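Student: Provided herewith is a single structure, encoded as structure tokens, for subsequent inquiry.
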Amino acid sequence: MADDTPRQRESISLTPVAHGLENMGAEFLEIMEEGQLPHRHSSLPEGGGSRSKAVWKPFSRWRSLQPTVQARSLCREHWQLFEWISKGLLSTAYIGFLIVACLLDFPRALALFVITCVVLVFLAYNLLKRLLGSKLKKCVKFQGHSCLSLWLKRGLALAAGLGVILWLSLDTAQRPEQLVSFAGICVFLVLLFAGSKHHRAVSWRAVSWGLGLQFVLGLFVIRTEPGFVAFQWLGDQIRVFLSYTEAGSSFVFGEALVKDVFAFQVLPIIVFFSCVMSVLYYLGLMQWVILKIAWLMQVTMGTSATETLSVAGNIFVSQTEAPLLIRPYLADMTLSEVHVVMTGGYATIAGSLLGAYISFGIDASSLIAASVMAAPCALALSKLVYPEVEESKFRSEEGVKLTYGDAQNLVEAASAGAAISVKVVANIAANLIAFLAVLAFINAALSWLGDMVDIQGLSFQLICSYVLRPVAFLMGVAWEDCPVVAELLGIKLFLNEFVAYQELSQYKQRRLAGAEEWLGDKKQWISVRAEILTTYALCGFANFSSIGIMLGGLTSMVPQRRSDFSQIVLRALITGAFVSLVNACVAGILYVPRGVEVDCMSLLNQTVSSSSFEVYLCCRQVFQNTSLEFGQEALHNCCRFYNHTVCT
């Protein structure tokens with residue numbers, strides 16, 4: 001009788017088969033290295049035996065392959081030695097090339113020399129961290145607990161505060177306008193504290209350290225000669241690097257369009273810069289820099305790991321890309337930490353847009369410095385406006401890791417960066433068209449309403465020039481330049497910073513071209529100090545159109561926290577706007593005029609082919625000087641470019 005019960009299928013393991021194949025392959029390679037091959041007609045020994053005991057006969061064809069197999073085996077055994085030899089030869093060749101380049105023309109090889117030094121510093125740091133990292137960490141931790149007691153910390157803070165006050169009192173004796181900028185910082189901080197969510201919970205350690213780091217960075221960049229030269233050099237290198245965009249855009253759009261049309265001249269720079277940033281992220285360089293900046297701010301300010309990483313990332317990426325660095329942790333972050341994330345996004349600009357603003361002619365070193373200085377200031381002011389009252393889960397950086405993207409190779413990373421920028425470029429172009437059209441409509445409507453009550457020339461810019469004039473003055477801008485700066489602040493706040501920087505570039509171009517300062521009752525350009533302070537004040541995404549961008553980006557990552565994001569987004573926007581204003585005030589305290597004095601006698605007593613800012617300044621001295629100190633040649637040169645009563 002047949003058994004109807006189904007038989008259980010027996011599992012068959014292929015592991016012995018695999019091991020057998022591996023053994024046969026290894027045995028076969030060993031025989032090949034000996035130059036032998038089993039003969040086709042070889043028979044097994046009497047009494048049986050395995051195939052491995054067959055009679056092997058030499059074979060000339062396999063003997064010819066013996067050197068190749070031996071070389072392969074040698075490389076496999078000593079691959080690490082060959083790797084070190086290759087690295088040594090390449091390093092020696094590179095060092096020799098660098099030495100020859102520096103000996104021939106050091107200024108020409110300066111960029112390569114600086115890059116080499118930076119790479120060597122990174123390599124030395126990683127080597128020391130690998131060898132002595134744990135020991136140094138224990139030593140520093142021990143010293144911190146034993147020496148830096150509470151009274152010593154307070155004493156150091158008091159000494160630092162008194163030092164700043166003493167320095168300001170001595171430094172502002174020659175330039176009183178710096179005191180106005182200092183008063184502006186105090187006013188802005190008082191206003192932010194008045195609007196704080198939890199006044200008694202403010203972490204003054206985070207506020208003081210954040211503002212202190214911002215001041216030290218500004219002091220290094222603006223006041224010290226090495227810092228100023230370094231950032232000026234870095235800005236020049238970025239400008240040269242971005243000029244290579246013209247090769248690609250000229251091929252696609254044509255040289256005529258690239259030179260004459262704004263969209264084809266500026267927007268391709270964003271594509272190129274986004275591609276480069278994507279490559280740097282793939283290589284891990286950006287993550288390394290972000291981690292080190294975040295570590296410095298976290299150690300000094302006592303903030304959590306996630307919020308500090310997001311703010312540090314905002315130095316290089318936009319308000320929607322920086323939260324991606326901490327995307328897995330957004331759901332568990334406190335409201336104060338989310339407020340920091342939003343404030344950091346509003347207080348800085350994206351690295352891709354940095355290239356576009358530099359192409360406008362905006363001072364590159366000021367843009368770079370403003371982006372770096374805004375990071376600690378954003379943390380400080382955010383903790384002032386929305387202090388931490390909950391228990392954070394991310395006090396330690398353990399378990400918090402940065403992603404390296406999904407690209408599999410360098411080419412894919414570059415291609416992905418260029419593809420991502422298409423959406424950014426389209427968004428910028430669409431916003432420019434929409435906002436400029438809306439601005440023109442608003443101005444036309446305001447002018448129409450103003451004509452009804454005999455107010456001529458009423459416009460959005462005119463209203464902003466009156467409403468925001470006190471803000472511009474508190475930044476440290478001269479009163480005669482305040483209306484123009486207030487207009488730009490209004491455009492940045494109610495439209496976007498792209499339009500504001502474009503307007504600022506036009507004022508700067510007119511100044512450099514030597515245009516007259518006033519054309520009727522309208523100012524044609526502003527002073528260099530006002531340009532620098534405005535550059536700092538406009539450096540941020542804090543405008544009302546960014547509210548939707550911020551909410552859309554964060555909500556798409558964590559939909560369940562939509563109500564939390566909506567609750568604090570407006571407060572974060574205002575805080576981000578104040579970060580840019582405080583940044584401008586710090587620049588106003590530290591800014592000193594630089595440049596070589598122009599010899600007006602030598603400049604004007606020769607034929608001048610075109611006007612410039614230096615020519616205008618010298619001609620203004622000629623028109624104001626009633627004596628014959630400059631001579632008729634100087635007066636003739638000035639009257640060729642400017643109309644003045646003296647010329648008649």
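Using the three backbone atoms N, Cα and C, a Cβ is placed for every residue, glycine included.
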Student: From the topology recorded by Swiss-Prot, do K135 and P323 fall on the same side of the membrane?
Tutor: no
Student: For the topological domain 'Cytoplasmic' (197-201), what are the same-chain contacts with Cβ under 8 Å, counting residues 6+ beyond its ends?
Tutor: 385-389, 571
Student: Long-range neighbours only, meaning 6 or more apart in sequence with Cβ under 8 Å: which ones does N605 (N-linked glycosylation site) have?
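Tutor: Counting only residues 6 or more apart in sequence, the Cβ neighbours of N605 (N-linked glycosylation site) under 8 Å are F630, G631, E633, A634.
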Student: Just to be sure I understand the packing, how many Cβ atoms besides its own are within 10 Å of the Cβ of N643 (N-linked glycosylation site)?
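Tutor: That number is 9.
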Student: Check the transmembrane segment (340-360) against each of 109-129, 266-286, 295-318, 428-448, 532-552 and return whichever range has the most CB pairs under 8 Å.
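Tutor: When the Cβ pairs under 8 Å are tallied, 295-318 comes out ahead.
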Student: Could you give the Cα-Cα distance between N643 (N-linked glycosylation site) and N625 (N-linked glycosylation site), in whole Å?
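Tutor: It is 16 Å, counting Cα to Cα.
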Student: Return the residues near N625 (N-linked glycosylation site), defined as same-chain residues 6+ apart in sequence whose C-beta is under 8 angstroms from its C-beta, sorted by sequence, else 'none'.
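Tutor: In sequence order, no residue meets the Cβ cut-off.
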Student: Let's see if you can do this one: DSSP helix, strand and coil counts over the topological domain 'Extracellular' (492-531), in that order.
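Tutor: Secondary-structure breakdown of the topological domain 'Extracellular' (492-531): 23 helix, 4 strand, 13 coil.
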Student: Among the recorded stretches 295-318, 428-448, 532-552, 572-592, which has the greatest number of Cβ pairs closer than 8 Å to the transmembrane segment (362-380)?
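Tutor: Maximum Cβ contact count belongs to 295-318.
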